[in-house]
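Shown next, in structure tokens, is the structure this report addresses.
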Ligand SMILES: *Cc1c(COP(=O)(O)O)cnc(C)c1O
């Protein structure tokens, strides 16, 4: 019964071009990465789909620090943070992250998590207790959606970027604790939430803001401290989540917030308490990653990334208009080319791959139905020639994709 049911579901997915398949990378995350079956000779592809925005995932100094951390602390942490798994490396990392966010959040402390998914579950369940209300942005990441589902709080959704609609919801709310919950940089669209306006609303309605900066930390701000630095925001009401597996190039995430909030999470957040601490070596490697992000090298990587973004947008604007596609309104490293149809976006992705270029086709339910897209992401490790090659390949593939779709 179960297996018949699952086979029918799989056939339905296949018929709608919605089957997801994993590819196997034989080499490090980098613009030139080889993929293929376990026993096959892998194919080298120029990739535009990682979230490694600064190109740190295969940075030699960080890999070296990871090995050094393993020599010093071993491979595993052995227990959760509250039992015996909390190491000097974890504590040093949290201290440094707190220092980074202190200009933006008074009395900030930081708490390191194994993943951003868990950090989001932790914040929303620990604070979103019965009587609280979560005001969730429509395009929030799945981990925020799941956190809201798991929370006992009342959950209300507001349309993407719609500050007025949120204002009305907050006005009508009887919740004892109001939490606005939003991505900073939207993961499939690349646009940035109007955080200054949200903060003004929060002040007016005595609400708090949970901001998930997975795609901003490291990539935005003069020192790479993320969206709060980028927008020049400072408030006690900010509960900040940064992830460390994207621009920071390693793994994990952190919450930075007023010390009382962090203390509350340590004591009550189940996704923090009931899981084994990440290997200390990972935290040790992240200290090196932060040094790079905050230093001259990070600054020059962000400047190069900004040049690549401008080059790509200029090139894509004309191509998208000719094809009747939409280039998302994004200034970040996430550049969506919205094709609409699932099969057409898959066909475009396949045509690029035939030219040795890998760009992910993103389909529902990750994005709303009818907005399937190529999610092009840039990294500071790309060159201007890489971007030119992508633009050429899209221009060549477009007529065929349009003919097939017609
Ligand atoms: C990737 C991502 C997460 C999850 O972070 P992980 O560390 O990968 O678990 C959370 N929020 C957003 C917006 C993300 O893009």
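Cβ coordinates are placed from backbone N, Cα and C, and glycine is handled just like the others.
Where the annotation comes from TrEMBL, it is an automatic prediction and has not been curated.
The record from TrEMBL ties 20, 366 to substrate, and of the options 141, 160, 230 it ties 141 to that site too.
Per TrEMBL, the pyridoxal 5'-phosphate site holds 116, 117, 187, 215; the candidate it also names there, chosen from 133, 243, 268, 275, is 243. Among the recorded positions 20, 141, 246, the ones whose Cα is located within 10 Å of the Cα of residue 187 (pyridoxal 5'-phosphate binding site) are 141. The number of other Cβ atoms within 10 Å of the Cβ belonging to residue 20 (substrate binding site), over all protein chains shown, comes to 7.
Spatially, by CA atoms, the binding-site residues 20, 141, 366 include one closest to residue 243 (pyridoxal 5'-phosphate binding site), and that is 141. Taking the Cβ of residue 246 (N6-(pyridoxal phosphate)lysine) as centre and 10 Å as the limit, one finds 28 other Cβ atoms among all the protein chains shown.
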